[in-house]
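S.K.: Sharing the record's features from TrEMBL:
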- 1-26: signal peptide (SIGNAL)
- SER36, SER64, ALA146, VAL173: molybdate binding site (BINDING)
Amino acid sequence: MRFNHIHLTTIFTAISLSVMSTASFAANITVSAAASLTNAFNDIAKAYQQQYPQDKVLLNFGASGSLLQQMQNGAPVDVFASADQQTMDQAQTKNLVRAQDRINFVNNSLVLITPKKSNLNVRGLKDLQQPGIKHIALGNPAFTPAGRYAQAAMEQAKVWSTVKPKIVNVNNVRQALDYVANQSAEAGFVFGTDAAIMPDKVSVAAIIPTSKPISYPIAKTVTSKEPVAASRFINFIQSPKGQKILKRYGFQSAR
């Protein structure tokens, strides 16, 4: 009986240690990511949680500038992924993210879109000046990277002053996509990956050149309470499995 008692005690001790070990590695992490990453990151989070079932990932999407403002106001965030370098630079300057952990993990492109059923001939920025274009959906340049890229491109093409009265400022690229898809705007600017989501409702009129590649940076936050899990998530995004998911949604490698 004494042997059985010792044997059972050993088993229970082993089980307890196993449970404690699993619990010690379990983590809930919040990932704030640019709206254009919505579909890809939803899939990445699912794949990540399958590989690391002890972790739970809470996703928060929005315009990069809005997410930055949330962090400034004290929102609990472990990982921040922006659609541009400028916003991440600001986060770094304000000591909101860990500079040593910052990496570029994917690239995108800026496109001009029109409704699928549009009868207007739009092939480039200068075509936005035609009378038939009355509304142009654009993420607010004040806090939306796509909006800033688009405004800079229109200024470079010397059409900004002409088309500015037609601009309908929206909160993020997904709203710009919806405006064009619903024909509430005759044209709009989104990322190439956004346009690919609704091929039956929008057409890509032109790929808009930008002065620099549109690269997306990601970093751990300084205030993260789960830095190990945050690093694990970022590493997963860089892994072949994570990059394959991003590629499936039209993103390009940043390497």
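Just so it is clear, glycine is given a Cβ too, placed from its N, Cα and C backbone atoms.
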S.K.: If you count Cβ atoms within 10 Å of the Cβ of VAL173 (molybdate binding site), leaving out that atom itself, what do you get?
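M.R.: A 10 Å sphere around the Cβ of VAL173 (molybdate binding site) contains 31 other Cβ atoms.
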S.K.: For the recorded molybdate site formed by SER36, SER64, ALA146, VAL173, name the remaining residues of the chain with Cβ within 8 Å of the site's Cβ center, in chain order.
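M.R.: Everything else in range on the chain: ALA34, ALA35, ALA63, ALA83, GLY139, THR144, PRO145, ASN172, ARG174, VAL190, PHE191, ASP194.
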S.K.: Does ALA146 (molybdate binding site) have same-chain partners at least 6 apart in sequence with Cβ under 8 Å from its own Cβ, and which are they?
M.R.: SER36, ALA83, LEU110, LEU138, GLY139, VAL173, ALA176, PHE189, VAL190, PHE191
S.K.: Near SER64 (molybdate binding site), how many other Cβ atoms are within 10 Å of its Cβ?
M.R.: 32
